[in-house]
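Participant: OK, Swiss-Prot features for this one:
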- 1-17: signal peptide (SIGNAL)
- Ser26: active site, nucleophile (ACT_SITE)
- Cys105-Cys113: disulfide bond (DISULFID)
- Asn121: N-linked glycosylation site (CARBOHYD)
- Asn199: N-linked glycosylation site (CARBOHYD)
- Asp209: active site (ACT_SITE)
- His212: active site (ACT_SITE)
- Cys231-Cys249: disulfide bond (DISULFID)
Amino acid sequence: MKTAALAPLFFLPSALATTVYLAGDSTMAKNGGGSGTNGWGEYLASYLSATVVNDAVAGRSARSYTREGRFENIADVVTAGDYVIVEFGHNDGGSLSTDNGRTDCSGTGAEVCYSVYDGVNETILTFPAYLENAAKLFTAKGAKVILSSQTPNNPWETGTFVNSPTRFVEYAELAAEVAGVEYVDHWSYVDSIYETLGNATVNSYFPIDHTHTSPAGAEVVAEAFLKAVVCTGTSLKSVLTTTSFEGTCL
């Protein structure tokens with residue numbers, strides 16, 4: 001009597017069943033700002049025992065990402081134990097007097113502004129409010145949320161190192177505190193490694209302007225994010241495949 005051979009069973013480690021979703025702008029997105037640049041989100045998967053879904057979109061702010069339903073789209077598919085990393089700031093400034101659809105309402109709390117954009121009346125929230133609302137969407141699904149400060153523009157652009165954080169760095173930290181989620185000071189960790197690398201190297205990372213990085217630069221920016229994760233003990237550390245990254249803890 002022949003017995004059927006049992007196929008071997010393979011089980012994925014629990015970390016591999018975890019998904020990390022990214023929400024951001026061109027500095028995080030695939031193909032960055034175009035012309036051969038790339039966003040740092042494209043390099044995270046190399047260091048994680050988790051699936052990475054890069055939902056960053058060029059040209060977006062916290063406001064426009066919200067208006068287009070992109071946070072909702074992530075919330076529709078995220079499951080308990082997944083991560084969502086949110087990083088905006090580059091496109092959130094400007095004036096509402098000539099509304100470009102991206103500028104947030106000025107302030108740090110529940111302030112609201114009103115505008116007509118693309119023929120539609122819009123109630124505009126502050127930058128922290130958009131991030132807090134997004135965080136609540138994801139935590140309600142059991143996801144682990146990390147609010148990250150934006151990356152710096154080229155601090156060596158003038159030939160002299162200049163560290164000048166935008167207000168959105170502080171706002172991201174405030175939003176994380178109010179929402180009760182984790183915060184990564186990506187700005188400071190990128191700035192620190194840029195200062196160490198020096199003028200010539202860092203300038204080579206910005207082939208088209210002072211904002212968008214080359215693939216090599218984007219990988220440095222990704223590693224700086226993970227250095228911050230390791231140094232601050234952020235929960236994402238549990239799915240890292242290495243904890244050895246250049247730079248010092250701040």
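Each Cβ is built from the backbone N, Cα and C atoms, and glycine gets one as well.
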Participant: State the Cα to Cα distance, in Å, between Cys113 (disulfide bond) and Ser26 (active site, nucleophile), rounded to an integer.
Facilitator: 26
Participant: Can you tell me how far the Cα of Asn121 (N-linked glycosylation site) sits from the Cα of the residue listed as 'active site, nucleophile', in Å?
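Facilitator: Computed Cα spacing between Asn121 (N-linked glycosylation site) and the residue listed as 'active site, nucleophile' is 27 Å.
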Participant: At the Cα level, what's the spacing in Å between Asp209 (active site) and Cys105 (disulfide bond), rounded?
Facilitator: 27
Participant: Can you grab the distance from Ser26 (active site, nucleophile) over to Cys231 (disulfide bond)? Cα atoms, rounded to a whole Å.
Facilitator: 26
Participant: Out of Cys105, Cys113, Cys249, give me whichever of these disulfide-bonded residues has the highest number of other Cβ atoms within 10 Å.
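Facilitator: By the 10 Å Cβ neighbour count, Cys105 comes out on top.
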Participant: Within 10 Å of its Cβ, which one of these recorded positions (Ser26, Asn121, Asn199) has the largest number of other Cβ atoms?
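Facilitator: Most Cβ neighbours within 10 Å: Ser26.
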